[in-house]
Amino acid sequence: MMDVQNQYCVSRPIYSIRAFEHVHERQIRETKSLKERFSGSCRCSTKRVWNIVKMYFPVLGWLPIYQIKQWLPGDIVAGITTGMVCALQGLAYSLLVNVAPVYGLYAAFFPILTYFILGTSRHLSVGPFPVTCLMVGAVVLTLAPDSNFMQPGNTTGVNGTTVMVLNAAARDTQRLAIAMSMTVLIGVFQVAMGVVQLGFLVRYLSDPLVGGFTTAAALQVVVSQLKIIFNVPVGNYNGILSLFYTIGDVFKNIKQTNLVDLVAAVLTIIVVMVVKEINAKFQKTLPVPIPIEVFVTIIDAGVSYALNLSGHYGAGVVNTIPRGFIPPQPPDVSLFSSIAGSSFSTGVVSYAIAISVAKVYAAKHELTVDGNQELLAFGISNIFCGAFSGFVATTALSRTAIQESTGGKTQVAGLISALMVFIVIMALGPLLQPLQKSVLGGIVVANLKGMFMQVLDIPILWRKNKTDCFIWVFTCISCIVLGLDIGLLTGLVFELATVVIRTQFPSCASLGNAPSTDIYKNMKDYKAVRKIRRAVHVGFDAVRVFKKRNKALKKIHRLIKKGKLKFTENGLVPVEPLGVDNEAFEREQDPELVKEFEQDMKGGTSPNTEVEVQVDWTSVLPVNVNVPKVNIHSLVMDFSAVSFLDVMAAKSLKLVHFLMETLTKDSICHQ
């Protein structure tokens, strides 16, 4: 009869054959039901076809139920406001891609048209984003640096050498070809990922990883704009330590700074940041946010034109915004092999930014967003945009916030914003030619405040989870030192390594009971919890114990055959004193013993069947073998956190089960 002190109470149902049969029968019924539904879903019907069409063209789902009186006024106000900001940001972000500003307007116009039809988010403002623009611009500078377009001029130097001049037209044409080809390839990758349902890949881009990456990208953006803000010559750098080389060139040529451009940029940064703070503080009071970028652009263009800042003071101006659309050129397919890696990483980052913002506003308005459909929508939008000489499009949190806060309810607001950009392209473009580039650079820098504020997440992450804090810092430093593409890959590898390490070396804690409750907490964190009287301590090597017992039984068997041991009422008694005190405990594991043990398991042999002798392993043994004392009643295995079992796990469980049957005669409970 079992001792009362060794009785256990299991609060959850124990696994049993009957329960297994019940679950198996239920699975069979569910499988039959699934087959019936699948066979029914394969039947062609008008309703079925219409549902498939709406799945791939979400606009057909919400446009027929569009509430004109309730939604249209808000969409009009949001579209006009967002459209003006989107046009100006398109001009500014073109500087990051190193193409003419007019192509920034194309990037702010064409993607909205396709996303209106294919997108599942009703609040996203689709268009260029500084991080992805910088990633494209880095590839553009790598493949088309200024040094590749130097040609002999018509003048000679002091020593009679021919002076080399820059062929700016050929350089700009090649850079545009690279940017648009990369945009098309990004779209192809995104469509392919959407077709094979790879939207889950963004799960590996955790918030700390994205936070460190975007903060480093913001710093890279600021450094890339220094040459425009100061209007000084800077070399084309990309890759490892490129940020520091650029800063070095800026300081080396600091004496050539154009003060007109510098003052205009500093004033733009201050004014834009101050007004944005006012917009945020009085968000509930103001009917619409103040479009300060629009006002700054109009004022600077007027002042620059009136004072002729370009001619009198050498200020750098846009100067190339024609009226109407420039005929597009086809993408250069020969470039695909050299930009494939960068295009894939840019496409993943672009999608990760868009889907994260979309989910925020979908949750706020109790809507749903289809991740795989979003991949298709942005992929087709980028292909369409690249075909018309635009560059990569995603979304920007600032523009989306403006569109949502000003009353935008659907993508009709996005369509109206595209109409505003269209008006700028067709009519207002030439009026912006006197606009200073340094003002556009100042607008870019001022819109990065939110990214830099992510630095405040570091102390919060340190208090909550130090591993996430290390991921944030490591990714940020890697992207600053190695560049955005290699830095992002390095940060991702580091993140996955932390997951593997934490899985292989989990933390264990001793739990104590809170008095008068059934709550158990870590005794190191809570002083009021009470230590449980009986605790389970696994401090022995079960394989070694088994082999030691096996060895002892074999010796006992030989001694019985030789007549050196005999049976008495008190058990086995040696004819001569042979015993030793059984107090050995060895932690190390002998590989040979493990190998021999596995061979015994495969052969089905057991020492207990070989020698039918009952041995008290807690007493003094009659042979000279040290067997560790082990007192085990039950083994409880909690598999609630286990998602799957592979072959090695099954083999290990079989090993544990065999050992426990051998080491104890008590019951083994599985949970």
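Count begins at 1; order follows the chain as displayed.
Just so it is clear, glycine is given a Cβ too, placed from its N, Cα and C backbone atoms.
A mean pLDDT of 89 is what the model gives for the domain 'SLC26A/SulP transporter' (73-475). Summarising the annotation, TrEMBL assigns domain 'SLC26A/SulP transporter' to 73-475.
Under the heading transmembrane segment, TrEMBL lists 76-96 (among others). Same-chain residues lying 6 or more positions outside the transmembrane segment (76-96) and placing a CB less than 8 Å from one of its CB atoms are 102-109, 125, 127-130, 133-134, 136-137, 221, 224-225, 228, 288-289, 291, 293-294, 297, 318, 391, 396, 398-399, 402-404, 406-408, 412-421, 424, 432, 435, 437, 440-441, 443-444, 447.
What TrEMBL records for 102-119 (among others) is transmembrane segment.
The transmembrane segment annotation in TrEMBL covers 126-144 (among others).
If one looks beyond the transmembrane segment (176-202) by at least 6 residues along the same chain, the residues whose Cβ comes under 8 Å of a Cβ in the stretch are 97-100, 103, 136-137, 139-140, 143-144, 328-329, 331-333, 335-336, 339-340, 342-344, 346-348, 350-352, 355-356, 371-376, 378-387, 389-393. Positions annotated as transmembrane segment by TrEMBL: 176-202 (among others).
A Cβ distance under 8 Å defines the sequence-distant neighbours of the transmembrane segment (209-230), meaning residues of its chain 6+ beyond its ends; these are 95-96, 130-131, 134-135, 137, 243, 246-247, 249-250, 254, 257-258, 261-262, 265-266, 316, 349, 352-353, 356, 437-438, 440-442, 444-445, 448, 451-452, 454-455, 457, 471-480, 484, 487-488, 491-492, 495. Residues annotated as transmembrane segment in TrEMBL: 209-230 (among others).
Marked as transmembrane segment by TrEMBL: 259-275 (among others).
The transmembrane segment annotation in TrEMBL covers 333-355 (among others). Distant neighbours of the transmembrane segment (333-355): 124, 129, 131-132, 135-136, 138-139, 143, 177-178, 181-182, 185-187, 189-190, 193, 199, 201-202, 205, 210, 213, 369, 371, 374-375, 378-379, 382, 392-395, 485, 488-489; these residues of the same chain sit at least 6 beyond its ends, with a Cβ under 8 Å from one of its Cβ atoms.
The transmembrane segment annotation in TrEMBL covers 375-398 (among others).
The list of residues near the transmembrane segment (410-432) in space but at least 6 beyond its ends in sequence, with Cβ under 8 angstroms from a Cβ of it, reads 59, 62, 66, 71-72, 74-76, 78-80, 82-84, 86-87, 90-91, 101-102, 105-106, 108-109, 112-113, 115-116, 119, 121-122, 124-126, 297, 301, 318, 321-325, 403. Residues annotated as transmembrane segment in TrEMBL: 410-432 (among others).
Marked as transmembrane segment by TrEMBL: 438-462 (among others).
Annotation comment: TrEMBL describes 469-494 (among others) as transmembrane segment.
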Inset, instruction - Spell out yes or no: are there three or more C-beta pairs under 8 angstroms between the transmembrane segment (259-275) and the transmembrane segment (102-119), with each pair 6 or more apart in sequence? - result: no
Legend entry - Other parts of the chain folded back onto the transmembrane segment (469-494), taken as Cβ under 8 Å at six or more residues beyond its ends: 131, 134-135, 138, 204-206, 208-209, 211-213, 215-217, 219-220, 238-243, 341-342, 345-346, 349, 457-458, 461-462
Inset, instruction - Give me the stretch from 126-144, 375-398, 438-462 with the greatest number of Cβ pairs under 8 Å to the transmembrane segment (102-119). - result: 375-398
Inset, instruction - For the transmembrane segment (438-462), could you work out the same-chain residues 6 or more beyond its ends whose Cβ comes under 8 Å from its Cβ atoms? - result: 88-89, 91-93, 95-96, 101, 130, 208, 211, 214-215, 217-219, 221-222, 225, 228-229, 231, 258, 261-262, 264-269, 272-273, 276, 293, 296-297, 300, 315-316, 318, 396-398, 468-469, 472-473
Inset, instruction - For the transmembrane segment (126-144), find every same-chain residue at least 6 residues outside the stretch whose CB is under 8 Å from a CB in it, and list them. - result: 86, 89-90, 93-94, 96-99, 104, 107-108, 111-112, 115, 119, 171, 174-175, 178-179, 182-183, 213-214, 217-218, 220-221, 224, 236-239, 242, 335, 338-339, 342, 345-346, 349-350, 353, 378, 381, 391-396, 399, 414, 444, 447-448, 483-485
